[in-house]
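Read the structure below first, then the notes.
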Amino acid sequence: MALVDENRLDDQAFRMSEATAGDFFALLKPRVMSLVVFTAIVGLAAAPGSMNPLIGAIAILCIAIGAGASGALNMWYDADIDAIMKRTAKRPVPSGRVQPGEALSFGLVLSVLSVMTLGVLVNWLSAALLAFTIFFYAVIYTMWLKRWTPQNIVIGGAAGSFPPMIGWAAATGSISLESVILFAIIFLWTPPHFWALALFKSDDYQRAGIPMMPNVAGEASTRLQIFVYSLIVAPVGVLPWVLGYTSAFYGIAALLLGAGFVWYAWKVYRMPDSDRVMKPAKALFGYSLVYLATIFSLYLVDAVVERFLTAGGI
Amino acid sequence: MVSLTETQKKARRSRSKAIGFALAALVVIFYVATIVKFGPAILNRPM
C-alpha cells in the first residue's frame, strides 16, 4: 500500500497545485479587464433611461468576469507562444504555476457563469453579446486569426470593442447607432495601437512565429497603415458630436485629441528605416492609451452632465 | 497519504479563501438582485 502511495506522489498527474489565488487572478488579464470595465461603464452610463445602480454594478461585474474568462482561455491556448515571448513568458501557464487544464476549466466555468448571471439578472441581449465576445476572442482571434493572418488584430479587435455596446445593451435591452459608434472608435483605434507595439516588439513576435504586420508586410507598410488608420479613427471619434449625441465640449476635445493621434502617427510614418530605438512608435503607443481613456472619459462626463442638466430642468 | 509542502499548503489556503469569497459574493449578488427586481412585492404573494 505504501508503495502505491509513493508512486502516486511521484506521478506528475497527481502533483498538488502550487497556484495561488493571485495566479488565477492573473489569468483574467486584469489590465485588459480594467479597460473593458471602463468602456462598459461608459456605454452603460451614457445609455438613455434609468437603470438600478445595483443591477448596473452587477452588469459591469459580469462583463468584467466574462472578459477575464476569455483572457484565461487565451492564456490556456497560447501558453506555447507565451513561453517564447519575453513580454508573456512570466504568465501563470508558461511559468508552470498554473496547469493548462486548470486555466481551461477556470476560463470555461467563468464564461458560463458570467453569461448566465448577466442573462438572468440583467437581460439576455447583453448576455448574448457577452457570449459572442468571449467566443470571438477565444476562438476566432486566439485559435484562428492570431497565428494565421497579419490582419489578426484588425478583425480580432472587435472583441475588445464590444464592451461599451454590451454596457449599452445591459441598460436599454437594445443596440443603437450611438453604441455602434463607441464600438467603431475602439475597433479603429486597435490596429494603430497594436501595430505601434508590434513595431518595437517585432523580434518577440518573429521568434514566436506570430504573423504581425511588421513581420509580414514590413515596417514601411505598417507605418503607412498606422497613419491611414489614424486618419480614420480621428474623425470617427468626433462623430458623436457631429450626430448630435454629445455637446461641443466633447466634440472640440475629441477633435484636438484626434489631431494629436494623427500627429503622433505621422511621426511614426516619417520614422526612418534605420531607427531601431523607435521613439515615435513608443510615443504613439503611449498616446493611443491616453487617447482612448480620455475620449471615453469625456464621453462619460458629457453624458452625465447632460443628464444632470436635463433632470435639473436647467 | 499525501503530505503537502508548506508552499502547497499556503497556495491551497489562498485558493480556498478566494473560492469562499467568490461563493459568498455570488450569494450576495443574487440576493440583492432578487430584492431589487421584485422589490417589496416579494413579500406580497398568496399564501
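Note that Cβ sites are derived from N, Cα and C of the backbone, with glycine treated the same way.
All annotation found in TrEMBL is predicted automatically rather than curated by experts.
Among residues of the same chain six or more beyond the transmembrane segment (A:32-48), those with a C-beta under 8 A of the stretch's C-beta atoms are 56, 59-60, 63-64, 67-68, 71, 160, 163-168, 170-172, 178-179, 182, 186, 292-293, 296-297, 299-300, 303-304. Per TrEMBL, the feature transmembrane segment maps to A:32-48 (among others).
Summarising the annotation, TrEMBL assigns transmembrane segment to A:54-77 (among others).
The feature transmembrane segment is assigned by TrEMBL to A:98-118 (among others).
Taken from TrEMBL, the feature transmembrane segment covers A:124-145 (among others).
Sequence annotations record features per position, and here TrEMBL assigns transmembrane segment to A:152-175 (among others). Nonlocal intrachain contacts for the transmembrane segment (A:152-175), taken as residues 6+ away from its ends with a CB within less than 8 angstroms of a stretch CB, comprise 32, 35-37, 39-49, 51, 56, 59-60, 63, 67, 70, 118, 122-123, 125-126, 129-130, 132-133, 136-137, 140-141, 145-146, 182-184, 186-187, 190-191, 194-195, 210-212, 296.
The list of residues near the transmembrane segment (A:181-200) in space but at least 6 beyond its ends in sequence, with Cβ under 8 angstroms from a Cβ of it, reads 39, 42-43, 46, 153-154, 157-158, 160-162, 164-165, 168, 212-215, 219, 222-223, 225-226, 229-230, 232-233, 236-237, 239-240, 243, 245, 261, 265, 268, 278, 281-282, 284-285, 288-289, 291-292, 295-296, 299. Per TrEMBL, transmembrane segment is recorded for A:181-200 (among others).
Taken from TrEMBL, the feature transmembrane segment applies to A:221-242 (among others).
Annotation source TrEMBL lists transmembrane segment at A:248-269 (among others).
Counting same-chain residues at least six beyond the ends of the transmembrane segment (A:281-301), those with a Cβ under 8 angstroms from any Cβ of the stretch are 35, 38-39, 41-42, 45-46, 164, 182, 185-186, 189, 192-193, 196-197, 199-200, 226, 237, 240, 246, 249-250, 253-254, 257-258, 260-261, 264-265, 267-268, 271. What TrEMBL lists as transmembrane segment is A:281-301 (among others).
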Long-range environment of the transmembrane segment (A:221-242) - Cβ separation under 8 angstroms, sequence gap at least 6: 178, 181-182, 184-185, 188-189, 191-192, 195-196, 198-199, 213-214, 248, 250-252, 254-255, 257-259, 261-262, 264-266, 268-269, 271, 284, 291, 295, 299
